Amino acid sequence: MSAQESCLSLIKYFLFVFNLFFFVLGSLIFCFGIWILIDKTSFVSFVGLAFVPLQIWSKVLAISGIFTMGIALLGCVGALKELRCLLGLYFGMLLLLFATQITLGILISTQRAQLERSLRDVVEKTIQKYGTNPEETAAEESWDYVQFQLRCCGWHYPQDWFQVLILRGNGSEAHRVPCSCYNLSATNDSTILDKVILPQLSRLGHLARSRHSADICAVPAESHIYREGCAQGLQKWLHNNLISIVGICLGVGLLELGFMTLSIFLCRNLDHVYNRLARYR
């Protein structure tokens with residue numbers, strides 16, 4: 001076996017093994033997405049997180065899993081069977097994915113102000129219509145998750161929620177906000193949250209906790225909710241995690257470039273004379 005044949009054989013099995021790994025990874029991601037769709041309650045208990053945007057995550061995970069499995073399958077079969085058509089299709093899919101990522105990066109950099117305005121409009125619309133439209137459940141769950149994770153409330157400030165009609169309290173009642181705004185560390189009275197949620201849970205029955213955005217908490221004092229708006233919270237999160245985000249994007253891009261280079265190299269250097277059909281006889 002010549003040095004060139006040894007190199008091609010090494011590249012072939014390298015592509016096969018790594019794409020097999022990504023195929024298994026895609027299968028697991030797809031299974032998690034299906035799990036969420038079938039049994040949301042057990043998934044929430046498993047991950048141990050509150051205010052998880054289940055509807056969005058189930059679709060994202062399922063689609064991502066199918067896409068990952070599809071690309072990995074092309075790489076596995078194309079490399080193992082030395083099929084130029086599959087290797088070329090594998091290269092094209094990776095190139096399209098890489099170009100899409102570059103385009104998104106450029107758009108985010110050049111249209112940042114417009115994206116911020118669009119995001120603000122979407123969030124303000126979600127806040128104003130909170131709890132009034134069953135079709136907006138996914139958006140409400142997502143915003144609850146953002147508030148819970150970033151420890152913030154509202155877009156500009158917590159008072160954004162006080163303008164929502166169904167949450168507004170009268171002179172004798174405390175204001176109400178989504179429970180994702182509630183700051184448990186601000187008070188030692190851990191029963192306040194339960195006093196508000198439990199009556200709702202009793203009415204929901206077996207559907208209790210299936211939609212966390214339905215949880216509304218009374219706030220006896222503004223000190224019991226996060227004081228920072230999520231606009232500032234998002235800016236802080238991006239600033240603190242900028243290096244990690246850039247590192248992950250660069251890592252994914254380099255990985256895609258590496259697989260593209262290996263696949264096109266293998267595709268161009270396969271023996272033109274060898275009859276691929278002979279091995280199937």
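Each residue's number is its place along the chain shown, starting with 1.
Cβ coordinates are placed from backbone N, Cα and C, and glycine is handled just like the others.
Relative to the membrane, Swiss-Prot puts Asp39 on the same side as Glu136. If you look at the transmembrane segment (86-111), the same-chain residues 6 or more away from its ends with a CB under 8 A from one of its CBs are 70-71, 74-75, 77-79, 249, 252-253, 256-257, 259-260, 263-264, 266-267. Secondary structure counts, DSSP: the topological domain 'Cytoplasmic' (1-17) has 15 helix, 0 strand, 2 coil.
Residue counts for the topological domain 'Cytoplasmic' (75-85) under DSSP (helix as H, G, I; strand as E, B; rest coil) come to 9 helix, 0 strand, 2 coil.
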